[in-house]
Structure formats: C-alpha cells, structure tokens
Amino acid sequence: MAVKTLQDLLNEGVEGRGVLVRSDLNVPLDDNGQITDPGRIIASIPTLKALVEAGAKVVVTAHLGRPKGEPDPKFSLAPVAAKLAELLGRNVQLAGDVVGYDALSRSEGLTDGDVLLLENVRFDPRETSKDEAERGKLAAALVELVGEDGAFVSDGFGVVHRKQASVYDVAKLLPHYAGTLVAAEVDVLAKLTDNTERPYAVVLGGSKVSDKLAVIEALAPKVDTLVIGGGMCFTFLAAQGLSVGSSLLQEEMIDTCKGLLERYADVIHLPRDVVVADSFSADAESKCVPANEIPDGWMGLDIGAESVDRFAALLTEAKTVFWNGPMGVFEFEKFAAGTRGVAEAIVAATGKGAFTVVGGGDSAAAVRALGLPEDGFSHISTGGGASLEYLEGKELPGISVLEDTAPEGS
C-alpha cells in the first residue's frame with residue numbers, strides 16, 4: 001500500500017496541530033445502551049494514543065448504527081466517549097453535534113493532547129449522500145475543526161469500502177495518512193491474496209449465499225479448501241437435490257449454487273450432518289440429523305458433529321485460513337457447537353504455524369461471545385464488509401483516496 005502512514009505524520013511533527021481521525025467505533029449496544037463488545041473501540045486506541053502523546057489536538061469522527069440522517073438519542077456516541085476516556089486514561093469531550101456550533105467552539109478550545117469526539121457523523125445526511133457536492137460541504141466543515149494546517153488520519157477499516165464524507169471526501173482536502181489499524185488490516189489482507197502459503201482454506205458462513213457470492217467466485221479458483229456452513233449452506237444442499245425442511249433457503253440462488261458445485265467440486269465442502277430445530281428459539285427441541293434427512297417443518301440452525309470433525313481435519317492441515325461468518329446460530333447455546341468447533345480448529349492451525357484471519361463482523365463477535373482466545377488467531381479484522389470487498393478485488397474508496405499523495409488545491 002503506497003500511502004503515508006501514521007508514523008510518517010508523527011515524524012513530521014503534530015505537536016499543537018489539529019488532527020482529524022476517522023475511527024470505526026460502531027459497537028453493539030444492549031437495550032440499556034451499554035456496550036456489549038468494545039472490540040472496535042479497543043482497536044482504535046493505538047492510533048489515538050500515539051497522537052495524544054505526541055501533543056496533537058485530536059478530533060475524532062465516527063458513526064454508530066444507522067440513524068436516518070438526523071439526531072437520534074439511541075445512536076448517540078455518549079457511551080463510546082465514556083469507553084474511550086476509560087481506555088485512553090484521560091478526558092474525552094463529546095460534542096453535542098457533528099460540525100455545528102458546539103463542535104466548532106470545543107475544537108477551538110482544544111489544547112495539546114486533548115481529544116474531542118464529534119457526535120455520530122451519520123446524524124448529518126451529507127455523510128452518506130450520493131451527491132459529491134453535498135458530501136464535500138460536510139468534509140469542508142470537518143476540516144474547519146482542525147484548521148488548514150491540520151491532517152487527516154484514516155483509521156476506520158470497517159468503513160473504507162464506503163464513499164462517504166468522513167471517509168473519502170475529507171481525505172481530498174487535507175494531508176492524509178493511514179492509521180495503525182488501517183495499515184495493519186491492508187497488510188494482512190494482502191497476505192491472503194499475494195503469494196499465499198498453501199494449503200489455503202477459506203471458511204464461509206452466515207445466512208445468505210447472495211451476500212457471499214462475489215467472494216466465493218473470487219476465492220474458489222484460488223484456494224485449496226472452501227468450507228461452507230451457516231444458513232447459506234442450505235441453499236447449496238438444496239442445489240444437490242436435498243430437502244432442507246424449513247431451513248433458510250434462497251430459491252433464486254439454487255441454480256447459481258449448482259454451477260459453483262459443478263465447477264469447484266474438489267474445493268467446496270458442505271456439511272454432511274446438521275443440527276435441526278422445530279422453531280427458531282434458544283429452547284427449541286433439537287436433534288442432529290444427516291444433511292439428507294432434514295424433516296419437514298424443521299430448520300437447520302447449526303452444522304453437526306461429524307461435519308465439525310471433517311472441517312477441523314481440513315483446517316488444521318492448512319497453512320493459511322480465512323474465516324468469515326458463523327457456522328450456526330451461535331447466540332443460542334444449543335446451536336453454538338459448530339462455530340466453536342471450527343474456531344477451535346483454526347486456533348489449532350495457528351498453533352501449528354498457520355496464518356489465520358478472522359474476517360470481522362459476526363465471526364469476530366462469535367470469537368468474543370464464545371470466550372475463545374483472541375491471540376489464538378493471527379489477526380481479527382475489524383471490518384467484515386471491507387475485508388470481503390478487498391478479497392473480491394473491488395476498489396476500496398477509503399484506501400484508494402489515501403494513495404493520492406497531495407490534497408486538492410495544495
């Protein structure tokens with residue numbers, strides 16, 4: 001990645017300068033507004049801490065959830081500000097708006113080493129606008145908060161696949177740098193696409209084939225093993241002519257799955273047994289059945305023990321592993337064994353020297369929810385969608401804009 005990094009900025013000197021940081025602080029909250037998984041906040045700390053210690057006036061912009069372009073208290077970054085302050089060991093101011101009077105007045109009052117978190121950037125409809133001029137106006141307002149001699153650090157890998165004001169347009173207006181997290185993420189993903197050590201195994205789960213089709217098409221010709229579990233496996237099983245009962249099924253994708261199974265018969269591995277339930281609930285009646293014996297009215301919610309053993313045998317022999325998507329409904333204890341078993345096999349592969357990557361999103365959440373050791377994987381990505389789009393070979397706007405060395409008008 002031919003871009004300037006945070007270290008380049010620190011070498012240039014940031015004491016007394018305003019630095020705008022786009023972090024990914026989009027963490028899950030419970031019904032009481034409490035953070036249930038602070039993983040992304042924790043991942044943002046190294047960049048912020050380095051800037052604080054170097055004496056920068058740090059202004060952080062980020063989003064939470066999907067507000068509809070206007071302020072919504074349930075999507076406020078207030079709990080995030082409190083967690084940031086705890087992890088940084090210093091006060092973090094929270095602006096009452098995105099780029100309004102409060103944000104501007106607080107930014108003008110910053111002293112060296114201070115941190116200001118702007119309110120949820122998606123409270124401003126211009127952030128996600130398709131109109132470049134509208135996004136540009138918000139970007140210009142963000143720049144005003146750090147001044148013309150300021151800098152922009154892109155450290156939110158989970159959003160680099162979005163062409164949004166705080167991710168893309170602002171980088172055109174300021175000297176720009178990849179933060180510690182973004183630089184590390186891209187370096188890791190490059191290892192999954194360039195001169196990858198074999199055997200190379202990919203594990204894909206999740207609910208919909210349509211969500212993973214592009215990455216299957218991109219990776220199937222390049223890998224030795226492609227394990228498919230989760231809700232999406234039932235569309236593949238249906239493509240083999242099997243009855244899947246009331247399991248999740250994308251009928252419009254059956255022919256596509258047939259084609260994939262024909263082309264990559266030696267690469268794609270499907271479950272041979274599944275755990276089925278009579279309803280979608282934590283206390284449903286459940287049983288393990290062969291994949292070709294799913295009863296009518298029952299739905300598959302996890303892969304079975306035989307499948308876990310088969311997949312584990314493949315994964316523990318791999319030298320490179322990429323995992324994206326759970327094997328079942330791991331949030332329900334009855335249907336967590338498949339995800340746990342596959343994850344433990346990947347940890348075992350890591351222990352044998354394999355390079356293993358968890359592709360963000362639900363997979364990263366599963367690692368934490370199931371109490372698995374995070375250091376049992378070579379890397380846990382903070383960006384599920386961005387990881388997939390990178391592996392699909394798509395351009396990531398928030399990365400490509402960093403490769404332009406000079407801001408507009410300089």
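Positions of Cβ are set from backbone N, Cα and C atoms, glycine also.
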Listed co-binder of substrate (same site as D24, L25, N26, R40, H63, L64, G65, R66, R162, source Swiss-Prot) among R122, R263, R272: R122
Three-state secondary structure, which DSSP defines for D362 (ATP binding site): helix
Between G360 (ATP binding site) and N26 (substrate binding site), the C-alpha gap once rounded to whole angstrom: 12
Spatial neighbour of N26 (substrate binding site) that is closest, considering only the binding-site residues K212, G300, D362, S363 and their CA atoms: D362
Position of peak Cβ density within 10 Å, selected from the binding-site residues G65, G300, G360, G361: G300
Nearest of the binding-site residues (E331, G361, S363) to R122 (substrate binding site), judged by Cα-Cα distance: G361
Substrate site shell beyond D24, L25, N26, R40, H63, L64, G65, R66, R122, R162, criterion: Cβ within 8 Å of Cβ centroid: A62, N120, G158, V159
